[in-house]
Each structure stands twice: as C-alpha cells, then as structure tokens.
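Summarising the annotation, Swiss-Prot assigns transit peptide to 1-40 and lists sequence analysis as the type of evidence. Annotation comment: Swiss-Prot describes LYS74, LYS564 as N6-succinyllysine, evidence class similarity to another entry. Feature annotation from Swiss-Prot assigns phosphoserine to SER100. The Ca(2+) binding site feature in Swiss-Prot is assigned to HIS143, ASP156, ASP158. Residues or ranges marked as thiamine diphosphate binding site in Swiss-Prot: ARG312, ASP411, ASN444, ILE446, GLN676. Annotation comment: Swiss-Prot describes LYS401, LYS970 as N6-acetyllysine. Sequence annotations record features per position, and here Swiss-Prot assigns Mg(2+) binding site to ASP411, ASN444, ILE446.
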Amino acid sequence: MFHLRTCAAKLRPLTASQTVKTFSQNKPAAIRTFQQIRCYSAPVAAEPFLSGTSSNYVEEMYCAWLENPKSVHKSWDIFFRNTNAGAPPGTAYQSPLSLSRSSLATMAHAQSLVEAQPNVDKLVEDHLAVQSLIRAYQIRGHHVAQLDPLGILDADLDSSVPADIISSTDKLGFYGLHESDLDKVFHLPTTTFIGGQEPALPLREIIRRLEMAYCQHIGVEFMFINDLEQCQWIRQKFETPGIMQFTNEEKRTLLARLVRSTRFEEFLQRKWSSEKRFGLEGCEVLIPALKTIIDMSSANGVDYVIMGMPHRGRLNVLANVIRKELEQIFCQFDSKLEAADEGSGDMKYHLGMYHRRINRVTDRNITLSLVANPSHLEAADPVVMGKTKAEQFYCGDTEGKKVMSILLHGDAAFAGQGIVYETFHLSDLPSYTTHGTVHVVVNNQIGFTTDPRMARSSPYPTDVARVVNAPIFHVNSDDPEAVMYVCKVAAEWRNTFHKDVVVDLVCYRRNGHNEMDEPMFTQPLMYKQIRKQKPVLQKYAELLVSQGVVNQPEYEEEISKYDKICEEAFTRSKDEKILHIKHWLDSPWPGFFTLDGQPRSMTCPSTGLEEDILTHIGNVASSVPVENFTIHGGLSRILKTRRELVTNRTVDWALAEYMAFGSLLKEGIHVRLSGQDVERGTFSHRHHVLHDQNVDKRTCIPMNHLWPNQAPYTVCNSSLSEYGVLGFELGFAMASPNALVLWEAQFGDFNNMAQCIIDQFICPGQAKWVRQNGIVLLLPHGMEGMGPEHSSARPERFLQMCNDDPDVLPNLQEENFDISQLYDCNWIVVNCSTPGNFFHVLRRQILLPFRKPLIVFTPKSLLRHPEARTSFDEMLPGTHFQRVIPEDGPAAQNPDKVKRLLFCTGKVYYDLTRERKARDMAEEVAITRIEQLSPFPFDLLLKEAQKYPNAELAWCQEEHKNQGYYDYVKPRLRTTIDRAKPVWYAGRDPAAAPATGNKKTHLTELQRFLDTAFDLDAFKKFS
C-alpha cells in the first residue's frame, strides 16, 4: 500500500544521488546505475479510486491481494501486478471485463504490460544516462581540458580525474551504456546547445561535441551559478556548433597585436638586458586579450575603462593597450634622467597612466586609466573598484554601462592574498558595486620560485571567485583564438549581466621572476620544457600562413614595421633630459590646478557659516522630513536633545558633523561616509539613517532633504572589512577633488587591518605618484578602560610617518605660513577637543586649494560630554579651524605667575581641567591644546611658550610613553623654544599593550599621571 500512497511522489525528478551510483562500486557495466523510474503518460488522478475517500478500501483490497491474489477480482489483480511492475496508474488500471472472447484478449494485453516494462525502463534509463553524461561535461569538463601550454601539469591541482568523462570505455560503463549504444540517437535535453538546430544526435556525436566544447583549450566553470538564465547563456556561448569562428580580418588583427606584444618585450631585452622590467614573455597573448575585452566593451557603449594590474607585463600594457608614448617609457630606463617634479617618484613598472584616444575597432572615443600601485600584490584591487564607482557616480552611470573596470592578477597572488576575497565581497553591495569587473589572471603556474602545489590548497587559483557566482573561463594561452573568444564572451557577460567574470590565462614565464633571476635553481624540469617551447607568435604565424590568411612576407613586414616604430621612439627618448612624473598621472583633476599643476592660490577662506544656515541644518537634523514615518522612541529623545541644542545656539559632536556635511552639500560638494556601522554610528550618536519602526526596510536620510538643489549625501554601512573598504574609499576620493570622502573605523584600533592602504597609498601617494588625495580617516580613540583593542588608534604610527623635520624650525615669517605648511606635508593629523573645531577641519578639507589626506582621532566619551559643546559664535563667518587652543582662564591673565605650562591634545584636556579645578591651581598651571599635530604649529606654540616665561614645560597624554604623541611632540617643542628648556613628560609608563583590560588599573594609572601633571615638584629631581 505504501507503493500506492507514494505514486504522486514518484513523479518528482530524482536527485543526482538517486540516479547515478559512484564509480568506486566497480559494478559490471551491464548493471544499471539508475533506480527504476516510471515514465507516466497519465496523471495519478486517472484512477478515481485513489482519492482520499476510497483509500481505506483500496488498502484492504491490497492487503488481501498480498495474502492471496485470487481472493480479489481479476481487475484488482491486474492493477496491483501492473503497479508493482512499474506501470503508470492510468495504464495499470483495467476496467472490469466480461468473460467474452474479446475481453479475454484485452486482459491478456494488460497482462503483457508487465512483461514489456523492462524495455521501457531501458529506454528511459538510457536517456537519463545521456542527460547525466551531458551534465557531467558541463560540470567537470574543465578538469580534463588541455589547458597547460607546457603539457606538464594539469591547470588544476585536483589529483582525482573525473572518470565519467575521460576518453575511455569507462565513460560508457559508468553510465550503464555500451559500445552498441554509440550509434543510437538520443533526444537532447533543453539544458544543452550541442545540437544546434538538431533536436537529437547519435551518442557518438554527442560525446564528440561535448569534448569539443569543454575539453579542448577552454575549460568552463559555471555550473555552480544558481541562476538558470546565466547558465543557459554560457552553455549557448560554448556549446553551439561552430560558434567560435573568426574572420580572416580578425585573425590578421590578432596576429598584429601579438607582433606588438612580443616584439616590444624583445626590444627591451635587446636594449636593456640587465634591467628589471618584469616582462610578459610566455603570456604575450595578454595584450590582444585585453584589447579584445576593451573592443567588445566599447562596442557595447563603454567609454571609460579603469585598470589595475601588478608589475608583470605592465610596461607592455602601457605601450600597447593604453598607448603611452614609447619614448616616455624608454626614457625611464635612462639612469641619468633627472626628476623635475617634487616627490620621490616610483619604479617604472609601478606607474599609472590616463589616456583618451579613439578605439580603432569601434571608432569610438575611449578613456583608459591604469591605476598606479605598489609592489604589494592585489593591494590596488579595491582602489580600482572605488575609482570606478566614483566615475560611474559622477556621470550618472547607475548600471555600469559607461564605466567599467578590468583587474589583472597573478595566479599566486590571486589565491594567496586576502584582499582579493574582500574585494569580491564588495562586488554586489549596493553602495560598492561597480556592476561587474572583468578579472584576467596571468596564470604562469609559479609564484616567484614557489610551485603552485605549495602556494594554494584549492584546485585552481581562481576558486575564490566562486563565492560571488562569477563564471570562470580557463584557457590555454598558446591558443590565441581561444583566448580571444573567451575574452569576447567575458566582455559580453559583463555587459549582459553586470556581474564579475574571470578569465584564467594558463601560460608560463619564459624568464625568471625578473630578468636577473635564475629559475633553474628551483624549477629545472619546467624550465627545460620552456626552453624548448616555441613562442606563441611563431606558432600562430605558422598557423595563419598554412591557412593562407597571411603569407610569410606580410608577417615579416608587420614585424619590421613595429621594430622601426620602437627604434624611432628609442632615438627620441635620448632627447628627454628630465622625467616628469606628472605625465604619469592616473587621475587628473581638470580645472582644479593651474596648467603647470600648482594650486590656484595659497589661501583658505573662513570655514564659518551664517547663523541661519546653521539653524536650518540643525532643525533638519532634529526632525523627520518624511510624513507617516515612525521612529524609535529612544531616537525621539535624541532628536529632542538636538532641538534643544539648536535653540540654545550650541552643538555637540554629532550636530557639528551634521552641520559640516550639510553645508558642503549646499555648496555642491558630494559627501560620502563609509565604514562599519556608520549609518547609526558605533556609539549610537550619528543616526544619519532613520528606520521606520512599522515598515520593514523603509528608511529616511534627512541629510538628503536639506536644500532643493543640494549635492547627494551617501552614507553606507560597509562589509566587515577594513583593508578592502578603505582601499575602495581611497579610490573613490581619487576621482574628484570636489567630494568629501570619509572612512570611519568602528574603533580606531582596527585601522591596522588596513595598514597596507595607509602605508603604501595614503601616506606616500603624492610623493610616489604626484597624486593628491583628500580622503578623511575618522579614528575613534581614547583611553577609557575598554581594554587594549578598544582604546588606541595608534597615533604614534601616523605621526612617525609625517614628513616634517623635527630639528628644523621653519620660516615662521613666511606669508600664509599655515597654508604653506599644509601644502608641504604628506598628510594632516588632528585631534580635536571641541565639536566646533571638528566642524571647521572638515570644511577646511574642501575649502583648501589642494588636497591632503586628513587623519582625525575622534573621541568616544566626548560625544556626550556636557563640556564638549561649541557655541554658534565660534562657527560664524570669520571663524577658522584653531590649530592650537591656548589657555583662556586665570593663568592667561597673569602669565608671569604660571609655574607650569601643560601641552596636551584631545580628550585628556577635560581630565586635566577637572583635576586642576579640584586642586584649585587655575593660576599656577596653564593648559594649551594642540589640535593640529601635523604639520606641527611651530608658530603658535612659540607664542605660547614665550607667553609664560617662568613656567616649566610638560607634555601630558593619557597614552603610554612609548605610544601616543610624546616622541613626536617633544623634539618639535624643543626646536620651537631653541632647546632653552626641557620638555617634561606626564603620562602613563611605557607598555607593550595600548591599554590595560582592568578597570581599576586604568583608573589608578589615570590618577597617577594627573598627580604628576599637577605636582609642581615632580620634575625637580631631574633638573
């Protein structure tokens, strides 16, 4: 009866585990590897007695039949026999018959159904076997594709060979098929295109076409994608017979591009054989591959391509893809060339480039930008993505149809660097997506000297891309036409679905890691084979000559023509005496600087605002500008507090930030704030995105309701990534100087997760690449007893990387000294102690006539501190950011009586003033706050030191002595006063960890350094 009850269930498709047994069972080929399945021609409902109302009766009849088949009517006997034999219910049931001669014949026919069923089973199972075989090729065909041009290793490191698709009789046996089945014709499923216009094919032809599609020089990984339309699209591109065809003109273009790629490297080798250039030998096909992607994208409407790549083949890409003048490249090899620009410059294979030209294939304008990068592999990936996102944003390209990115990778780095994973996970996030990136992996099967088997645990270096359902196309780089086809498909995929795609160029490296390196030390067998390997240009030229596409003289003429171009450029390069790094800018800002790249002025206007603007922004910040929007009760109280502040003409930290952002939006400046939990704020103080408590996912951003024609405000919670997201925001800030781009760390302690971006891009970016950037880092910092991972943004590290000289007092009489200082520094480091100063420094960041990175150590406890308030009076027109906030209490009235002048920065000021008040030492101890640490305010601090002639000087900080600001401030203070006095220290003792995890210890340390700061005899023993 169970069988009858489950008739409907048997209509469902069988799972893979139900249909195919594992090959390891080693069953004889004749034994079926499929469970029996019924091919129903009528629905179960054809049997009226199988309804729920009759089930009890049917069960009784079935039990009786099991005990004695003769105990039930003959029609029941036939029905139960047919059903158990697998006949469909509509066929199994026979109406009760009379005992006429015709009735007996009909009954005999019904009885014969049972005997005929095995033939039906075989037919069904054979078709299922063929469908499973097709699916096996689609899923695992890439494992047996001929991808390695050297023929040494499989491109994947998976030691198991898919036995069900290898070219042997095992293939048939695995699916229960025989040699005799090879010429049988099978209907093709809808999930394959190998038939073209034919609905059925012989098994032999099915296998041949599958092997042509999936097991030649292209390996396709796509069946993990969970979108049927996308899978069908890929199947159609690779399975359709004859789809990979090229015209003779396309073949000649491909040959010409290979000539340029190959002869460029050979020219460099001839002229500068002992120079490092990280040549492309062994993967010369990369150049035509990139040009194909760009051609296809241009044809689809893309007019701006932003690229990122490592050093391998970079000069070739600059020369033959971006089309940088060859003489500008060649002159970089001249050791006598002088650098005319400020800054230190960088190696030629790190430089970027920006170029606008006509694409000759599509006859359309296209802009190409190659982003400069350090040697830190893959570090430029998120930077490229951020720049791409920004360019899309500024031109209103909401679908990525005009601007796109191409990222090049090495196989070892693509598998080994975590930033690749972080970047992939930004690809589909609404505020970070670039609507698809084409990734090209130069898979030369070695990482410097490391074998792939020691460099990754995954079969392919590209397996990381599977996490975002990106299709992966592996291709043998010694088959240029296969490479071109794959690149066309990749560009079409990106244009169609606006998702990432990976092209894995399986190639080799003809030389060592660089031209001076000896690879035979570590890869002797591989390099013996490489020495025998015929270059891909020679192979392809011979193929085209044999096909009659070109003749030998035409081929040789193409070579000599490009060689002549190189020689002429080499001659011109000798005339270059000065190296202008600015010619290698990857992100020019038209109109922002003068024609020679200088600021249009060296002044900064007031950063204050009219009171009506402050009031208007404050009112919007304390309201909900959308009707029928229910906010949380706790948020209502926060907005009420904001309204009271505005009424009282004061701001707290959150309101000061709001006013800075809102005023810039009014001036047409886009503001983008990104980071973990920034919409609400880690400390629940910001609340820039309001959530309706009654409607799911309904939100409101009041900042976008300030003015009728304001610039848009973007605030976006990021993924839990620092390295990737900070790199992304840096790239976003590269695109335009007229945007305030901020990244906020959840806690300042976590900025070191993005240390590479800070050390290699933000700090030295202008010095290396003459590229300014105005990104702002907001780093919550403060010793508040929260333990070693929630206390310190490591200010000592940022200050240690500042480029000013601690031992040289600058010319304090210079006109606009403060602005000149800002122009000369590599970044600005501030620690504001008031909301008003925070407001001013954010506005100054945009009003300056140039751009510098801004590092802000933001407070935590000050966000709600009752004394951390600023009056509107300090934010009105005529007010500025205060680099130093001097003492303004009783000590300032009688400076001669002051016995100690304490210098400090940030939150510790409030601890010091509280302690000073408790000790009643307001006339004896003056406290001066240094708000801008770098560039150091020598001029203002000199005035402060001179103001208190009888006071001893001390630096006070809450951080440990070997951390914080002391080592940076002390030598500069000493230089300021011409070393006339010592600069004493009041703060925590040196320590390995940034802070204690014990609350009592924290408070004890705090009181100890406060005692030192106000003990006027504390330093006498050292005098």
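Count begins at 1; order follows the chain as displayed.
Glycine is treated like the rest: Cβ placed from N, Cα and C.
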Check: Would you say which of the recorded positions HIS143, ARG312, LYS401, LYS564 has the most Cβ atoms within 10 Å of its own Cβ?
Finding: ARG312
Check: When the Cα of HIS143 (Ca(2+) binding site) is compared with the Cα of each of the recorded positions LYS74, ILE446, LYS970, which one is closest?
Finding: ILE446
Checklist line | Cβ neighbour count within 10 Å of LYS74 (N6-succinyllysine) | finding: 15
Notebook entry, point to check: When the Cα of LYS401 (N6-acetyllysine) is compared with the Cα of each of the recorded positions ASN444, LYS564, GLN676, which one is closest?
Noted result: GLN676
Next item on the list: Look up LYS970 (N6-acetyllysine) in the DSSP assignment and report helix, strand or coil.
Entry: helix
Note to self: Assuming the binding residues for thiamine diphosphate are exactly those in the record, ARG312, ASP411, ASN444, ILE446, GLN676, what is the maximum CA-CA distance in angstrom, rounded?
What the structure shows: 37
Check: Within 10 Å of LYS970 (N6-acetyllysine) (Cα-Cα), which of the recorded positions LYS74, ASN444, ILE446, LYS564, GLN676?
Finding: none
Check: For ILE446 (thiamine diphosphate binding site) and LYS564 (N6-succinyllysine), what Cα-Cα distance in Å is obtained after rounding to a whole number?
Finding: 34
Next item on the list: Based on Cα distances to LYS564 (N6-succinyllysine), point out the closest of the recorded positions LYS74, ARG312, ASP411, ASN444, GLN676.
Entry: ARG312
Check: Out of ASN444, GLN676, which of the binding-site residues has the smallest number of neighbouring Cβ atoms within 10 Å?
Finding: GLN676
Item checked: Whole-number Å value for how far LYS74 (N6-succinyllysine) lies from GLN676 (thiamine diphosphate binding site) (Cα to Cα) -> 75
Check: Hey, of the recorded positions listed (ASP411, ILE446, LYS970), which one tops the CB count within 10 A?
Finding: ASP411
Margin query: Cα-Cα, whole number of Å: LYS74 (N6-succinyllysine) versus ASP411 (thiamine diphosphate binding site)?
Written below: 72
